[in-house]
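**Q** Below is the structure I would like to discuss, written out as structure tokens.
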């Protein structure tokens, strides 16, 4: 009965979305290991996302789309610089040094990092004496502790490699070196920080331009241009832009159309139905599938440090989300002391969505 009335539909969709994102990270890692420039991947990925979402934005929001002024365009340009270009630059470069598992673990930290940055820049106020405030702070600190554990402790391998796979790793072993592993984790954390900063910037932009799909298309378009320029500044070798390997082409099309196109639409729908915290709960699914794909597709070893560190990050994420839920209930009870139920929360989420405060996350790393 629960499935028939549609209550399980958002759950199934979020599991599928995070599975798709985990697969995308594993495939992109394989392409990076093949020698493709990480900014070339970012450029093509954002370009495909732009082409995929443009028709959806045009038809879906044509009646509600406000005028796109020069001021909003400038804000979207800088939002794209932080949320698309710099985030993709750090994440993909960090991914080339580490693994898809670690990349997804750092992505899982984004809500906590965004919260910390909101406190630093005084965008959000918090009552440290309340249980909700203490829970959110504790969750954020645990996430950061998990990130440090991922960075500083690699641990022993939990899986064995066959002789052929060992030979392949010897030929491409830069990610196996401890110093490169640490550099990769630092880059992934920088990517998470850029992504968290973008959340705060885009929240302000959404107040003036609350059309999520149109905003995403403009962001992706600006991000495409910016990533292309960053790539050309780093290397002017035109041959780097010519992709001949079928796996490279399929991976980039999949990453753009599915991971940033379809997943954007699906996540947006789930936010409308169940709220942003509901969608955040499924982030660990991407981490689990990334680990499986890392092992099954890339044939990489799974290390103790990755498992323990990822577990700490996920534990911190759930502590943070529980604190956030409690805070939302406390705020609602202050306004309506005798009323708080799922219907009220869904109405509040829908109202916030219309105002642009609940946004889709188009720049998935």
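Cβ coordinates come from backbone N, Cα and C, glycine included.
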**Q** Quick test of your reading of Swiss-Prot: among 249-269, 333-353, where does it put transmembrane segment?
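**A** From Swiss-Prot, the annotated transmembrane segment range turns out to be 249-269.
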**Q** Take the transmembrane segment (181-201) and find every residue of the same chain, 6 or more past its ends, with a Cβ under 8 Å from one of its Cβ atoms.
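**A** For the transmembrane segment (181-201), the nonlocal Cβ contacts are 75, 78-79, 82-83, 86-91, 93-98, 102-103, 106-107, 109-110, 113-114, 116-118, 121, 123, 147, 150-152, 154, 175, 363, 365.
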**Q** Summarise the model confidence on the domain 'EamA 1' (25-144) as a single mean pLDDT, whole number.
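**A** Taking every residue in the domain 'EamA 1' (25-144) and averaging pLDDT yields 87.
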**Q** Using a threshold of three or more Cβ pairs below 8 Å, and leaving out pairs closer than 6 in sequence, do the transmembrane segment (40-60) and the transmembrane segment (249-269) count as in contact?
**A** yes
**Q** Of the residues in the domain 'EamA 1' (25-144), how many are helix, strand and coil by DSSP?
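**A** Reading the DSSP string over the domain 'EamA 1' (25-144) gives 94 helix, 0 strand, 26 coil.
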**Q** Any chance you could find the range in 8-28, 40-60, 213-233, 302-322 with the most Cβ pairs under 8 Å to the transmembrane segment (72-92)?
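**A** So the stretch in question is 213-233.
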**Q** Reported in the order helix, strand, coil, what are the DSSP residue counts of the domain 'EamA 2' (196-321)?
**A** 107 helix, 1 strand, 18 coil
